[in-house]
Amino acid sequence: MTPFHAAGLSRDTPPSPRYRIFGEVRVTEFLQHLVNGLSVGTIYALIALGYTMVYGVLKLINFAHGDVYMVGAFSGFYLANAMGVGGSPSLAKALVVFVGSMIICGILGVLIERFAYRPLRHRARLTSLITAIGVSFLLEYGFQLPSIPGLGIPFPPGPTPRFFPEPFTRVAWEPFGVYVSNYDVISFFTAVGLMLLLQYIVYRTRFGTSMRAVSFDSQVAGLMGINVNRVIAGTFALGSALAAAAALLFAGSRPKVDPLMGLTLGIKAFVAAVFGGIGNVPGAMVGGLALGLAEEYVSGYALSSYRDGIAFAFLIIVLLVRPAGLFGSFRPEKV
């Protein structure tokens, strides 16, 4: 049955006003794209927060962040299979997998900062940037190696995609003809809750105050008694944990996981961070939502082949019109 017949229309029947918005675009279709755009936009926002926090305190673009997202997805995959989530879906097991994956990626973020970035902190920024790309390749191709025999689990997972087990039974609704599943609802509200929690941490806690002090001037912050190394390590842990959360929320609706899954999503999240203003936490949230909606509407009403190109168009336009981003501002630096 075509959408026209489902709505009680034929192709020769002009849509009634209640099916129109901005011409002949149906309201249901518009709302469906809105739901889809918000769903993927919150994922972009969670990943973008990792980029923007690390840049805020360290002035480093952590290009390995997308691959930390990938590690989070595989951490959830291994934990879910170890707990038998696929055989007996359970919300309690899903929470254990969710929190466990965030902890694993938080530890990974601390290790990356300690052994890859901290020794180069006072070197030229280009050195740290090249190191970030190297860490990215290490994770991507390390996870594509053949599995080690005798471990009992397929690790490394190899290049073959794996499929994430459903943590709980899928339920779908169609209010006003718009398809929404319980995974969409849980993903959206969990992502929004995590973003609000991060806002609270950054602006209402002692650690958040230390983060903002280090972001403003790390040398002065150190003279005031702030442990700069601990703050930077904590920032990496927080951003990496959010990347793991994004990976598991995304896997709920798109269960295929593979070692290169973080490549495109990581770049898009970086664009979202730049659009909102790199280093600005609310800007990363807005940038992620804006990019998700733009992708969904352009691919829905124009050509779907342009979907991945929207992120790069965003980046070019922002760099030309407002290089500091939507909420960013230029900060003069001493030379």
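Keep in mind that glycine also has a Cβ here, set from the backbone N, Cα and C atoms.
Given the structure is predicted, the values throughout are model-derived calculations rather than measurements.
TrEMBL lists 43-61 (among others) with the feature transmembrane segment. If you look at the transmembrane segment (43-61), the same-chain residues 6 or more away from its ends with a CB under 8 A from one of its CBs are 68-69, 117, 121, 125, 128-129, 132, 187, 191, 194-195, 198, 211, 214-215, 218, 231-232, 235-236, 238-240, 242-243, 245-246, 249-250, 265-266, 268-270, 272-273, 276-281, 283-289, 291-292.
According to TrEMBL, the feature transmembrane segment maps to 68-85 (among others). The list of residues near the transmembrane segment (68-85) in space but at least 6 beyond its ends in sequence, with Cβ under 8 angstroms from a Cβ of it, reads 47, 50, 93-94, 96-98, 100-102, 104-105, 108-109, 112, 139-140, 143, 153, 155, 157, 162, 164-167, 240, 243-248, 250-251, 257, 259-262, 265-266.
The transmembrane segment feature in TrEMBL is assigned to 91-112 (among others).
Among the features that TrEMBL reports, transmembrane segment is placed at 124-143 (among others). When Cβ-Cβ distances below 8 Å are used as the criterion, the transmembrane segment (124-143) is approached by residues 59-64, 66-68, 70-71, 74, 112, 116-117, 156-158, 259-260, 262-263 of the same chain, each at least six residues removed from its ends.
Per TrEMBL, the feature transmembrane segment maps to 185-203 (among others).
The transmembrane segment feature in TrEMBL is assigned to 231-250 (among others).
The transmembrane segment annotation in TrEMBL covers 270-294 (among others).
With a cut-off of 8 Å between Cβ atoms, the residues of this chain six or more beyond the transmembrane segment (306-325) that come close are 264, 267-268, 271-278, 280, 283, 287, 291, 294-295, 298-299. Taken from TrEMBL, the feature transmembrane segment covers 306-325 (among others).
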Positions whose Cβ lies under 8 angstroms from the transmembrane segment (270-294), at least six residues beyond its ends: 33-34, 37-49, 51-53, 55-56, 61, 63, 65-66, 195, 198-199, 202, 215, 310-312, 314-315, 318-319, 324-329
Cβ contacts the transmembrane segment (185-203)/the transmembrane segment (231-250), at least three under 8 Å, sequence gap 6 or more: yes
Distant-in-sequence neighbours of the transmembrane segment (231-250), which means Cβ under 8 A and at least six residues beyond its ends: 40, 42-43, 46-47, 49-51, 53-54, 56-58, 62, 65-66, 68-73, 75-76, 97-98, 101-110, 112-114, 118, 186-187, 190-191, 194, 198, 201, 207, 210-211, 214, 221, 257, 262, 265
